[in-house]
Each structure stands twice: as structure tokens, then as C-alpha cells.
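According to TrEMBL, the feature domain 'DUF4124' maps to 10-62. Residues or ranges marked as region 'Disordered' by TrEMBL: 65-90. What TrEMBL records for 1-19 is signal peptide.
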Amino acid sequence: MRIRFSLLLILLASFPAVAGKLYSWVDEHGKTHYGNTVPPQYAQQGNTELDKKGSVIKKTDAALTPEQRKAKEEELTQQKEEDKKKLEQQRRDKALLNTYTTEKEIDLVRDRNLQQGGLQLQSMELRAKQVQPRLDQARKQAVDLAAKKRPLPPDLQQEIEEAEKEMLRLQEMTKLRRMEMDAIRARFEDDKKRFRELRQVEEAAKR
């Protein structure tokens, strides 16, 4: 290091005042070079501009390879996503503390949200109890006619098809509604857990 610094001082001392700028760069062997211009083959590898006293004026980083540039872009994208998630969490935390004062209040709001879904489930179950017997009866008639080798009347065939479609629709709607209610329970459970954590932090800060 002392040898390099001494060499730099010698170069600066012998460098004409009108010569302009002085640059340093490192070659492929890790050796530092000095000169008033950077050789073209090292122009993309980074360099340092020095003043007459050897102080750094400007440092130019090496140009990124396509792979390095891609990695840098991915890193920036990931950082933006993390910052976005952090801001969203802060917003949710603030909303939780501003909306509720106790965990019981969270349970009450959850139950109100589930109430409508529960009523819809009851309505669909009642409808299914009305459709299923009609479908069973129509199917029985079709079996009896088939046993007697009699043709199935078009209106009976239509009744069976419509009842089957209605039962399928009710089953799908019931499944979807139950999934939505499970999601509501999970969301409010997460909110309650986070609310508890935030309250504990507040209590700890008061001590």
C-alpha cells in the first residue's frame, strides 16, 4: 500500500499542471494503474478520478453485465414489494387500533358478518329440501315407466333435468358460501391475533 501511494505521489509530482485529470483503474490481474486517460479495454470496469493532491473527485462503478443488471432489477422489485407490504401492514395496524378497543368487539363484528351468510345457508338448505323430494318422485316415475317399457313423457324428462340442475346449483352455492364464511372466520382470527400483539406492544411501552 505504501509503495502504491508513493508511486502515486511521484506521478502527481511529475504530472504537468496543465495535463488535466488523473485516473486510476485496476486491470484484470488486480494491479492498479494511473494515467490521464483510461484505456478503452478498462473503460467499462470502473475507475477513479483524482485531483492534483491525489484526492478522489469522482468514482465510476464498473458497468453491470446483463446478468448483474437483471439481478439488480429483481432486487429492486423485491424491495418495492417488501416496502409495499410494510406500508399495508402499518395501515391495517392503525385501522385495527382505531376501530376496536377490545377483542370482544372483534368477535361481535365477525358474528355480524357471518349472520347474513348463515341466513343464506338456511334458505338454500330449505330450498334443497323442497327440490329433492320432487326430484326423487320424478325419478321413481321414470323408473316405473322404464320397467313397463313405456316411453318417458317429455314433461317428466324436463322436470327431472330442471330439478337436477337446481340441486347442483344449490350444492355449488352452499359450498361457496361455506368457503366464504370460513375465510371470514380466518380473517377475523388473524385480526384478533394482531390486535392482541399490538396491545401488548403498547402496554410494554407504558412500563
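Including glycine, each Cβ sits where the backbone N, Cα and C put it.
Small disclaimer: the values here were computed from a predicted structure and weren't measured.
Among residues of the same chain six or more beyond the region 'Disordered' (65-90), none has a C-beta under 8 A of the stretch's C-beta atoms.
Confidence in the domain 'DUF4124' (10-62), given as mean pLDDT, stands at 75. Counted with DSSP, the region 'Disordered' (65-90) comes out as 25 helix, 0 strand, 1 coil.
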